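One structure is given below, encoded as structure tokens.
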Amino acid sequence: MKIEVNGAPQEVAAGTVAGALAEMGWTTGRVATALNGEFVPKSAREATMLREGDRLEVLAPMQGG
Amino acid sequence: MRDFYDTAFDTPLMLGTAQYPSPAIMEAAFRASGASVATVSLRREAGQGQAFWDIIRGLGVHVLPNTAGCHSAREAITTARMARDLFETDRIKLEVIGHADTLQPDPFGLLEATEVLAAEGFEVFPYTTEDLVLAGRLVDAGARVLMPWGAPIGSGLGLNNRHGLRTLRAGFPDIAMVVDAGLGLPSHAAAAMEMGFDAVLLNTAVAQAGDPVAMAEAFGLAARAGALAARADAMAPREMATPSTPLIGKAWL
């Protein structure tokens, strides 16, 4: 199905947030996730289902002031 | 000394991690400054994040994630929750920006986000102005630390409203306060500490200096000097001169 990941269109086969992260190779790194503007904790990624057109945000540590 | 949600930091300097010429210079600046806290943010994963995180972990400092760039309470709340998941700390430097030019906080959004996050167990470090009424509301909402600005973020103007900052400091004797943003020189940091603030937080003044490592050390020394002076009970200023050398025993010439 087609979803949006960090603002870019992305085709994913997986049906969950955890599955999509694995598909995109984000299994080892430290990331935080939100789906359609709502926070999805690490512990809920397996159970959070994806639907066509969903907006997934995958954030990483970054420099900040 | 006031602590920060039951944590006492070894030194009164908090340092940002952005805008350095290189990661190596950032690391050297941290070591030279003796900073006890590093501020970090979270952004869309573009491949650099994990290496950056490894450097931060290696510094052995406390981490304070921010919600920089958030313009609404809702956005800041979601960012704070993501930051807790990512950095595994309850601390959050809460920024809800209200004005594009001054980057000054939106007091209404800030209060709303503080209420929600404090209730969720976050240790909220709200980036605020020196406004006494807003400070009271933030404390009522559960903030046990306040971070009043010195001047607009990145401006280097120093302490724009010393009277307001002094009034704020005196108004909440039990609340730890960090002067955050707008500092340009070590003397600004020393002045804030002499006024009784508990720490200073800066980034641009160090990162954008010609020699960030030397400037980091200067800020570290200034913050500690100011803290020491604040505990040393400064003399009261006088209008007229009084000789410091004794007059007794002076020769009759």
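Note that Cβ sites are derived from N, Cα and C of the backbone, with glycine treated the same way.
Note that the coordinates shown come from a computational prediction; the quantities given were computed from them, not determined experimentally.
Marked as active site, schiff-base intermediate with DXP by TrEMBL: B:LYS93. Feature annotation from TrEMBL assigns 1-deoxy-D-xylulose 5-phosphate binding site to B:GLY154, B:ALA181, B:GLY182, B:ASN203, B:THR204. For B:5-246, the entry in TrEMBL reads domain 'Thiazole synthase ThiG'.
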Packing count at B:THR204 (1-deoxy-D-xylulose 5-phosphate binding site) (other Cβ atoms within 10 Å of its Cβ): 19
Protein Cβ atoms within 10 Å of B:GLY154 (1-deoxy-D-xylulose 5-phosphate binding site), excluding its own: 18
Residue pair B:GLY154 (1-deoxy-D-xylulose 5-phosphate binding site), B:LYS93 (active site, schiff-base intermediate with DXP) - Cα distance, angstrom, rounded: 16
Inter-residue Cα distance where the pair is B:LYS93 (active site, schiff-base intermediate with DXP) and B:ALA181 (1-deoxy-D-xylulose 5-phosphate binding site), in Å: 12
Model confidence over the domain 'Thiazole synthase ThiG' (B:5-246) (mean pLDDT, whole number): 96
Collapsed DSSP category at B:THR204 (1-deoxy-D-xylulose 5-phosphate binding site): helix
Number of Cβ atoms other than its own within 10 Å, given for B:GLY182 (1-deoxy-D-xylulose 5-phosphate binding site): 22
